[in-house]
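Contents: one structure, followed by commentary.
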C-alpha cells in the first residue's frame with residue numbers, strides 16, 4: 001500500500017526540515033559566510049522549490065503523470081540530503097581538507113557538493129508539493145476507499161508516527177551537535193523511506209496523464225489573440241469557436257475583450273482537430289482571462305514572500321546567539337519552527353472552518369488581508385526585539401564577539417514566529433478558498449501553484465531588497481546596515497523598512513480587492529453569474545465594446 005510507505009517518507013521529511021532549519025547558522029559558523037551571503041543561498045533555495053512546481057505540474061499533465069514524477073523527485077530528495085551530509089568536513093578526506101568544523105576546513109569541492117545537494121532537495125520538495133497529495137487521493141478513490149471509511153491500522157500508525165516524530169525530532173535532533181550526524185540521520189531515514197516506497201513500484205498504478213496542460217492553453221490564447229488583434233469583432237455569436245452553451249462549464253465575461261479574438265473563426269478558416277495557435281474555444285479564452293485578471297492580486301503576494309524569507313534566515317541567526325535555557329532545561333532552536341508550524345496548522349483549521357461557514361464572495365479576501373496584517377505586526381515585533389538585542393550586545397561589549405551567547409532569552413522571538421505562522425495560515429487557506437471559488441477546476445491547481453511561485457519569487461526578491469536597502473543606507477558615507485556579522489548589522493532598521501513596505505502592500509491589495517469583480521461561491525453545484533456575463537449568452541451578438549480593466 002502506498003500510504004504506509006509514504007508515511008515513512010513524510011517522517012524523514014520532518015527530520016530533514018528540522019535539520020535544514022539551522023542551515024543559516026551552519027553556513028555562518030562552520031563555513032564562515034557573511035550574514036547576507038548565507039541568507040542569499042537559503043532564499044534562492046526557498047524560492048526555487050516554490051517556483052519549480054509550475055514546471056513539474058506541466059510535466060505531469062503533458063507527459064509523466066504523478067507516480068513517475070514522485071519516483072524521480074523522491075530519488076532526487078534522498079540524493080540531495082545525502083550530499084548535504086557528505087559535504088561536512090569530517091567526510092571530506094578525498095578533498096584533502098581538515099576534519100574540524102571551521103571555515104578553513106571547507107573546500108571548494110565541499111561547497112559545490114552542498115549547493116548541488118540543496119538543489120536536489122528543492123527538486124524533491126517541489127515534486128512532493130505537486131504530486132504526493134493528488135496521487136494519494138486518486139489512489140484511495142481508485143481503491144474504493146474514502147477519508148471516512150476503511151481506515152486501516154497502518155494508516156493510523158503512520159499518522160501517529162508523523163506526529164510523534166514531529167515532536168521528538170524537534171527535541172532530540174538538535175541535541176546532536178556534529179553537523180555530520182545532524183544531516184546524516186535524516187539522510188539515512190530519507191534513503192530508507194525512498195527505498196521502501198520504490199519496493200512496491202511495480203504494483204503501483206497511476207492515472208493516465210491528460211496530455212493537456214491548462215497553462216499551455218493560456219499561452220495559446222494569448223498568441224491567437226495577438227495574431228488576430230487587428231481583426232474586427234463579428235456580428236454574430238456563431239463566429240466564435242465553441243460558443244454553444246452546452247460546452248461551457250462556467251460563466252463567460254465581457255472583461256479583457258481583446259482575448260475574445262482568439263476564438264473568432266475567420267472566413268475560410270477550418271476548425272482544427274487538435275491544438276491550434278490561431279484558434280481557441282470560448283472556454284479556453286475564459287480560462288486564460290481568469291489567469292490574467294488575477295495578475296494584479298498575485299503581485300501583492302511577492303512582499304509576503306519577502307517577509308516570510310526573514311523567518312528562515314535572519315530570525316534563525318538571531319535565535320542562534322540568544323540564551324535558550326529555561327531554568328536548567330536547554331531547549332533547541334527548532335522549538336521555534338515547531339511553534340511556527342503549530343500556529344500555522346491550528347490557525348489554518350480555524351480559518352478553513354470560518355471560510356466554509358461564511359461562503360461570501362469576498363470572505364477569502366478578508367482572510368488574505370488579515371494575513372498581510374500579520375506580516376506587518378511580525379516586522380514590527382522583529383524590529384523591537386532586535387533593537388533590544390543590540391542594546392544588550394552593546395552593554396556587554398560583544399559587538400566584535402559574534403560567537404558569544406547573549407544574556408537575553410530566545411523566547412523573545414516567540415511572538416514574531418507566531419505571527420509568521422499566522423501570516424502563512426491566513427494566506428494559504430484564504431488563497432485556497434479564493435481560487436476554489438473564482439476559478440474553474442481545470443486551472444485551479446495551476447493558479448494555486450502560481451501563488452506559491454509568486455511567494456517563491458518574494459523569497460528571491462528578499463536578496464534584492466537587502467542589496468537595495470544596503471546601498472541606500474550607505475549613501476552619504478554612512479555605514480551599510482548589513483555587515484559581515486549579526487552584531488555589527490542593523491537588522492532592526494531593515495525590519496522597519498519591511499513593515500512600511502508591508503503596509504503599502506496591504507493598501508495596494510485592498511485597492512485591487514475592492515475593484516475585483518468576484519464570482520459568487522458555488523451554489524447547488526454550479527456557479528452563479530457575475531457582473532461580467534450570464535449563463536444564457538456572455539458573448540452578446542453585436543456587442544463590440546468588450547474591453548475593460550483587468551479587475552472586472
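Placed from the backbone N, Cα and C atoms, the Cβ positions cover glycine too.
The transmembrane segment annotation in TrEMBL falls on one of the ranges 363-385, 386-408, 524-546, namely 363-385.
The range from 183-201, 202-220 that TrEMBL describes as transmembrane segment is residues 183-201.
According to TrEMBL, the feature transmembrane segment maps to residues 30-49, out of the candidate ranges 10-29, 30-49. Beyond the ends of the transmembrane segment (363-385), by six or more residues, the same chain brings 300, 303-304, 307-308, 310-311, 315, 318, 351, 354-355, 412-413, 415-416, 419-420, 422-427, 429-431, 433-434, 437, 491-493, 495-496, 498-499, 502-503, 505-506, 509-510, 513, 516 to within a C-beta distance below 8 angstroms of the stretch. Contact between the transmembrane segment (113-133) and the transmembrane segment (297-316) is absent: fewer than three CB pairs lie under 8 Å, with pairs separated by 6 or more positions in sequence.
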